[in-house]
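See below for the structure under consideration.
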Amino acid sequence: MRKLTLAIAVIAPMLGHAASAEDTIKIGYIDPLSGGGASVGEGGLKTFQYLAEEMNAKGGILGKKIEIVGLDNKTNPQESLVQAQKAIDSGVRFITQGNGSSVAAALSDFVTKNNTRNPGKEVLYFNYAAVDPSLTNDKCSYWHFRWDAGSDIKMEALTNYMKDTPSIKKVYLINQDYSFGQSVRSDARKMLGAKRPDIQIVGDELHPLLKVTDFSPYIAKIKASGADSVVTGNWGQDIALLLKAAADAGLKVNWYTYYAGGAGGPTAIKQTGLDHQVFQITEGFANSGNQSAMDFEKAFRAKVGLSLWYPRAVNEMRMFKAAAEKANSIDPVKVAAALEDLKFEVLDGGQGLMRKDDHQFFQPIYISSFGKLAANEPFDEENTGWGWHLVSKVDTAQAMVSTTCKMARP
Amino acid sequence: MLELIVISTLNGVLFGMLLFLLSSGLTVIFSMMGVLNFAHASFYMLGAFFGFQLTKWIGFWPALVLAPLLVGAIGMAVERYGLRNTHKHGHVAELLLTFGLAFAIEEIVSMIWGKSPVDYRVPALLDFPAFTIFSTNYPAYKLFMLGVSVVIFVALLIVLKRTRVGLIVQAALTHPHMVGHLGHNVGRVFMAVFGVGSALAGLAGVIAGPALVTQSDMAAALGPILFVVIVFGGLGSLPGAFIASLVIGLVQTFAVALDGSLASAFGPLDPSAGPSVLTDIWNVTIAQVAPIVPYLLLVIILIVRPMGLMGTRES
């Protein structure tokens, strides 16, 4: 009797999920919702929820509603796999993740194995922010698709800009001690060395990921090195606290960053008073000048109360819809096939391409600087009165890099 | 180089004093009651969040007084209704109680304030650079933190060593019955001590909140280093905790400043000579291992001098 009760208790919820899976498409959002990465993780969750609501209001995908399931991975690869398994068990066939390339590598591997072992129950992994180049090179997977530009693509664009800035003479590198931070540092060394051999690298720092509570000692070191520019891939609290410590100490250098616009970053930059001396490289930004993107930004801010930090999430969700409609199916295998070589008009304007060879999405890349707003720039950040300003745009064709990916296809 | 030394010393002292502010309450509770309070860092976190909330409602300065009082009251309640009942079951039960409490507080805080950092800012009155050394600014708020820590240290020493209250508290620990016969309420003394210890943690939270990050995992992030401080300084010794805080603050700051590695001291290993793991270890800089240096100190002191720098009690 007890065994029967137990069996019913185990099976009943499964049936429930199977039934509800008919009319909704569940997307498992696996990212930090606690700890040092929580500010970016929660922002991402709200972005995806907004996008799902927006699509549901217009009839969803192939008549099915989209539901975002938020799962906290604490920026921990092991915890992510537990959450991914939990999601798959509850009927999720699409997962999305972005924060932490170490997490992304673990997830990509997990999904690949899962799909080999469970034919007919494949899962797709949409990566919207983990930019370690290896994910689309030697560690590439057919089931992984990336919408953000790899860190090598971004560094290529960033160093092309730095190359033409003669005032840069001494560069300090400070990055998080894990796969992504290390790839930023080695790419920066390699590309700056090739393009501007006269630039001196006066410091090359790695610090623990999301563990440092006070960056003053690091700032003291940057100051002592005599650097005029800092290159950093830091994200989450690591960039906000780094800029905060720089603001406190009054460090005056140019900052070349990937994520200075993250929560807390703009406030700290305003405090430093570094008007248009902090640069960021992204696939889009609030004041890009593209009308439909700016309309989207306005509506997004009004509803969510945040700036749109992930234009690529918009591209990801809209391309998902486009691929599903092209395949006329939400079966992950058919969606994956439809995504390959799919061309798509991105949010901030211009055509992007999901390259078949490595499942990397290529799109226009922007370098913007943070400071006082010009007349045609309506959006500030974190109520500072300062906002992002276009410095340089790299078109899709120029942002393409080669890949070493040898993909195992099903 | 001189610049780096001066600045690192300043940074180290500032961080060390913050550590002391945190560990002073833990030390007081341990030395008076023999209870190793695992929830201490959680009281610190409560202080930060109460400080944040009260600052929003009534401003920073009233919050600076009220929030520690609130945390102290919670501490007293924990002693009165929790620890006092488990005391008869011995130290392990007490330890487990505070351990469980730490988890409960973290969950409650993240339920109320969410898991991402709250926007807790330095009060406008102290939001300016106090002075400039070698073109590096020092925020007035950091000096304020330093001042508060020193005042607390001196005040605690005086109260414990020089006043009647301190006498009764110390006597109550070793001879509770005698103190009871003399007409003092021993239970109330313990409750007050626990309350003061918790309030100190709360005060540290209110002050450190704007300078560091106020979020629901801050207790877990700072908890371990606190135990390093009190064990290193000597369990129950206030001057020991003071010295240990400074040493750990300085060691950690200077470790970050040093780029030296085994490779730079002895020359690089030929990569072809050995497996790459070896060359990796050879090239790790002191700066990279800075975060684990305090724990290394803990291990060493436990081996060499188990009672800690100035402790009298075997742990």
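The backbone N, Cα and C atoms fix where each Cβ goes, and this holds for glycine too.
Beyond the ends of the transmembrane segment (B:12-38), by six or more residues, the same chain brings 44, 83, 91, 94-95, 98-99, 101-102, 142, 145-146, 148-150, 152-153, 156, 160, 169-170, 172-173, 190, 193-194, 196-201, 203-204, 207-208, 211, 222-223, 225-226, 229-230, 233, 235-238, 240-242, 244-254 to within a C-beta distance below 8 angstroms of the stretch. Sequence annotations record features per position, and here TrEMBL assigns transmembrane segment to B:12-38 (among others).
Per TrEMBL, transmembrane segment is recorded for B:58-78 (among others).
Here TrEMBL flags B:90-113 (among others) as transmembrane segment. Within its own chain, the transmembrane segment (B:90-113) has Cβ neighbours under 8 Å at 34-43, 45-46, 49, 52-53, 78, 82-83, 216-217, 219-220, 223, counting only residues six or more beyond its boundaries.
Same-chain neighbours of the transmembrane segment (B:140-160): 13-14, 17-18, 20-21, 24, 28, 122-123, 126-130, 166, 169-170, 200, 203, 207-208, 210-211, 238-239, 242, counting only residues six or more beyond its ends whose CB sits under 8 Å from a CB of the stretch. What TrEMBL lists as transmembrane segment is B:140-160 (among others).
Note on the transmembrane segment (B:189-212): residues 18, 21-22, 24-26, 28-29, 32-33, 35, 37, 40-41, 43-52, 63-64, 67-76, 78-80, 83-84, 120-123, 141-142, 144-145, 148, 152, 168-169, 172, 179, 218 of its chain, located 6 or more positions outside it, place their CB under 8 angstroms from a CB of the stretch. According to TrEMBL, the transmembrane segment annotation covers B:189-212 (among others).
Sequence annotations record features per position, and here TrEMBL assigns transmembrane segment to B:218-235 (among others).
The annotation transmembrane segment is assigned in TrEMBL to B:242-266 (among others).
According to TrEMBL, the feature transmembrane segment maps to B:286-304 (among others). Note on the transmembrane segment (B:286-304): residues 224-225, 227-228, 231-232, 247-248, 251-252, 255-261 of its chain, located 6 or more positions outside it, place their CB under 8 angstroms from a CB of the stretch.
Sequence-distant contacts of the transmembrane segment (B:218-235) (same chain, at least 6 residues past either end, Cβ-Cβ under 8 Å): 19-20, 22-23, 26-27, 30-31, 38, 40-42, 44-45, 48, 102, 105-106, 212, 241-245, 247-248, 294-295, 297-298, 301-302, 307-313, 315.
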